[in-house]
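The following features are taken from TrEMBL:
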{"type": "BINDING", "residues": "Asn470, Ala471, Val472, Lys473, Asp517, Lys533, Ser548, Leu552", "note": "ADP binding site"}
{"type": "CROSSLNK", "residues": "Lys717", "note": "ubiquitin cross-link"}
{"type": "DOMAIN", "residues": "350-589", "note": "domain 'Histidine kinase'"}
{"type": "DOMAIN", "residues": "615-732", "note": "domain 'Response regulatory'"}
{"type": "TRANSMEM", "residues": "20-41", "note": "transmembrane segment"}
{"type": "TRANSMEM", "residues": "53-71", "note": "transmembrane segment"}
{"type": "TRANSMEM", "residues": "83-109", "note": "transmembrane segment"}
Amino acid sequence: MESCNCIEPQWPADELLMKYQYISDFFIALAYFSIPLELIYFVKKSAVFPYRWVLVQFGAFIVLCGATHLINLWTFTMHSRTVAIVMTTAKVLTAVVSCATALMLVHIIPDLLSVKTRELFLKNKAAELDREMGLIRTQEETGRHVRMLTHEIRSTLDRHTILKTTLVELGRTLALEECALWMPTRTGLELQLSYTLRQQNPVGYTVPIHLPVINQVFSSNRAVKISPNCPVARIRPLAGKYIPGEVVAVRVPLLHLSNFQINDWPELSTKRYALMVLMLPSDSARQWHVHELELVEVVADQVAVALSHAAILEESMRARDLLIEQNVALDLARREAETAIRARNDFLAVMNHEMRTPMHAIIALSSLLQETELTPEQRLMVETILKSSNLLATLINDVLDLSRLEDGSLQLDIGTFNLHSVFKEVLNLIKPVASVKKLSVTLNLAQDLPVYAVGDEKRLMQTMLNVVGNAVKFSKEGSISIIAFVAKSESLRDSRAPDFFPMPSDNHFYLRVQVKDSGSGINPQEIPKLFTKFSQSQSSATRNSGGSGLGLAICKRFVNLMEGHIWLESDGLAKGCTATFIVKLGIPERSNESKLPFTPKVPANHGQTNFSGLKVLVMDDNGVSRMVTKGLLEHLGCDVSTVSSSEECLHVVSHEHQVVFLDVCMPGIDGFELAVTIREKFAKRHEKPLIVALTGNTDKVTKENCMRVGINGVIQKPISVDKMRSILSELLEHRVLYEAL
């Protein structure tokens, strides 16, 4: 026990341990004092930390702990070696941890501050989003109300319903105490109370339109808060004491306000705006919100649009009603015109038939009388009768043609014909008349003029006969020249006819005919009038020449139908006249030229002159016409039988009859069916008689019906001896004869 060989641990000396404790206390105190400073910095920089008092308490605790360790520097005492070692170890560890914590806070506090800043930013954003969502919800609610209100006011196009519905729906949506609409008066100087929600004030109350408050509202497109005591806001009767609610007013544009009257509201407003006034409930603290004002503004615009639509509808309905009235009037006028035209046409058709029957008797008997032995004086009388009768027959034809031209019922009979033959035939018809007046007539056809053409042969010939006939009629001496050629494209346009637009092409050409005479001439000022019906030149020479004044009027209409143009030129009285017309004709295909149908004309003297032994049957319900036709045929040597009814005709007709003349336009008798029955009665072709229709009608339908039932010829009354002679000659030679109607 006196001696021990154990190894003693090598602990520091007591003085060194004391130094370690002394240094540790110093660093602990330093760390404790720095931590509160850092916390103070953090609290100042962090504006969102909620428990600042806790940090203050914690800082005070740390400062006190640091002060304790700092005091230990002066109150330090020696302890036992074991206690000294433990205390030294604990203090060293405390110093290390305290300093590490202080240093760590230096780096952590900025991060903590940035976290708090982001948190604040997010909170602010969240608050802003909440506000925006609230605004969106408000807008959606406003939009829903606007859509509902718009649907209500758009469900009708009646102005009064639109305005009344607007007030009702606004009052319900915004829980208004009163809502009113002021409209401008007739003079535009006042606003009139036209509609109210509760109808507590009588409609018709007026206020001056130039009040400052009204000008303020009218000058803004936004809803404007106005004083509850201003004139337009006094829409609630004063009863008892109450605090009036807030009032706003908004302008309503008035678009197209014609014929929109409310009580004494004007037919045409002179002011652009109406005024809508809205009042919140009285005795309440409620105020107008922004979204409510926006709703009011939108509704005001929607009302303006609805009113404009209603105005347009009213205008269109008014225009429609006016158009319906005009259409009814036009339809009535059209029916009356059609009735008048039908009556005129029926009258003309009847008069045509009835006038041609006695004309047939006059011309036929006069022509028969002309072929008897007469004294010169008697022959002159007979020739005068024939001339006057032919003039009357021509006048009848002209009146009928003009009537059909004016009502549009006359249509061109288009076909292929020999153009050169038409000119030669016109020359043959005119020459005998011209020779009596010792006038020379020349015809010059250009070498390039086609032989065949496509068009209405009859109307072309009628036009040329009228034009050339006028030249002969108004010429006492001299010559008449007829020139025909194909008009060149550069010479087609004429300043005298601005509406004439010729269109040259490969399948048609424009025929230009020029008739020049040395006659009495025309006053240039009278030329435009000559193409008007019943118009004649006022010169004595012209008046003495006679005429109905229809020839040129008919020619102009025929030429227009043939897509052409006609005009006259004259240097004055006694200086002659030149008549020129251009018509459009087609060019036939070469393969069709050899297949042209035979359409014989009726020349003045042709073929045989005696028809002895030719058995002819005449059926006509008119005794005079029947007797006259029989006389013509017997004069030519025919053996004639006459009947007056279809039954008698079927009973008498036999295979011995070579020709049957039928009046196909007898009242109560269908002459076409009779013709069919006669043809069916004879089975063999050589036994069937030639059937010729005698008619006073000039319409195209008669000719078409005759061709349809197989009638061999159509002859128009009146008929002279020469015409009957030519008819029989052509008919017996070609077994077909369709005189142009």
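The count begins at 1 with the first shown residue.
Including glycine, each Cβ sits where the backbone N, Cα and C put it.
Where the annotation comes from TrEMBL, it is an automatic prediction and has not been curated.
Within the same chain, residues at least 6 positions away in sequence whose Cβ sits under 8 Å from that of Val472 (ADP binding site) are Ile430, Val433, Ala434, Lys437, Leu439, Val441, Ile480, Asp517. Counting other Cβ atoms within 10 Å of each Cβ, the binding-site residues Ala471, Leu552 show the lowest value at Leu552.
DSSP places the residues of the domain 'Response regulatory' (615-732) in helix, strand and coil in these numbers: 55 helix, 25 strand, 38 coil.
When averaged over the domain 'Histidine kinase' (350-589), pLDDT in the model lands at 80. In this structure, the recorded positions Lys473, Lys717 were compared by how many other Cβ atoms lie within 10 Å of their Cβ, and the smallest count belongs to Lys473. It is 25 Å from the Cα atom of Lys473 (ADP binding site) to that of the residue listed as 'ubiquitin cross-link'. You'll find the Cα of Asn470 (ADP binding site) roughly 24 Å from the Cα of Lys717 (ubiquitin cross-link).
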